[in-house]
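K.L.:
Here you go, one structure.
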Amino acid sequence: MQLVDRVRGAVTGMSRRLVVGAVGAALVSGLVGAVGGTATAGAFSRPGLPVEYLQVPSPSMGRDIKVQFQSGGANSPALYLLDGLRAQDDFSGWDINTPAFEWYDQSGLSVVMPVGGQSSFYSDWYQPACGKAGCQTYKWETFLTSELPGWLQANRHVKPTGSAVVGLSMAASSALTLAIYHPQQFVYAGAMSGLLDPSQAMGPTLIGLAMGDAGGYKASDMWGPKEDPAWQRNDPLLNVGKLIANNTRVWVYCGNGKPSDLGGNNLPAKFLEGFVRTSNIKFQDAYNAGGGHNGVFDFPDSGTHSWEYWGAQLNAMKPDLQRALGATPNTGPAPQGA
């Protein structure tokens, strides 16, 4: 409270609500940065798993994109795992922090982990993504829904349709958005601990602050000013009716900021999970009010914004993913590229 009091005293002619809101925005930005930069488990895929490190051409982004891949067998559906705000350029956070490849080995699902995309929201940006490390083109939606599935079909025998996309934190809303606009490719969307109403209220401001902290990026380069229709297009709450109409299978998880024996007992992880929970509950309410009947909503009385909980959710959803995607578990060798 001392920080808030100092700011209140320093600013005149500004309402209490605006001052506290500004401080809250700055605080959330710092917390997002702190959480996004923490690798907890350091799992990495064990030696012996059939994990490949692919370089997939992306004409839309003008470079090759690194993809970690584990085959689920010929003509298998894919499970795309999307990373958080501070996605690294060397390995996916899913591999760094969870044994996801181990869990899904021989599952009948091809596991696809795109690497990179810090602060991207896995979206097609209006402008070049310019940050502290320079400028690059972000056309992640095009890559994930056109270039990558086409390449995987041709080179790794992966089905281009009937797949799943799962994202955490930043990528939770991205996963739902990709399923909204690409329902044939993604018949299943999993969202963990995300802000599911990003265009609402302080959402654009908070996202902009977080992106600035995580790489020095600008939200306006991504979706323009907050009045731009791109913000509404990428808002799962506003577009929940499309998920219902598509009968997309959804799995939405968010804790309440209280740690359990899984861990994550630190202030940033506790605060941020509690902060985003409200938008998840609003999303469930809108889904139910719209007549949705193909979803799993898990809002336990514990859970913080950390990998221990996201890993547990990914492991828990495995049977549901296999059922929904019609995966056939296999024990034979993975097919090699053409």
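Placed from the backbone N, Cα and C atoms, the Cβ positions cover glycine too.
Quick paste from Swiss-Prot:
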ACT_SITE  Ser169  active site, nucleophile
ACT_SITE  Glu273  active site
ACT_SITE  His305  active site
DISULFID  Cys130-Cys135  disulfide bond
REGION    101-111  region 'Fibronectin-binding'
SIGNAL    1-43  signal peptide
K.L.:
In angstrom units, rounded to an integer, how far apart are the Cα atoms of Ser169 (active site, nucleophile) and His305 (active site)?
P.N.:
8
K.L.:
Quick one: give me the count of other CB atoms within 10 A of the CB of Ser169 (active site, nucleophile).
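P.N.:
There are 29 such Cβ atoms around Ser169 (active site, nucleophile).
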K.L.:
Distance between Glu273 (active site) and Cys130 (disulfide bond) at the Cα atoms, whole Å?
P.N.:
28
K.L.:
How do the residues of the region 'Fibronectin-binding' (101-111) split into helix, strand and coil according to DSSP?
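P.N.:
Grouping H, G, I as helix and E, B as strand yields 4 helix, 2 strand, 5 coil.
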K.L.:
What's the CA-CA gap between Cys135 (disulfide bond) and His305 (active site) in angstrom, rounded?
P.N.:
29
K.L.:
Where His305 (active site) and Cys130 (disulfide bond) are concerned, what is their Cα separation in Å, rounded?
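P.N.:
That separation, Cα to Cα, works out to 27 Å.
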K.L.:
I need the most crowded of these disulfide-bonded residues: Cys130, Cys135. Count other C-beta atoms within 10 angstroms of each C-beta and give me the top one.
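P.N.:
It comes out as Cys130.
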K.L.:
Helix, strand or coil: which one is Ser169 (active site, nucleophile) in, per DSSP?
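P.N.:
The residue in question, Ser169 (active site, nucleophile), is coil (DSSP, three-state).
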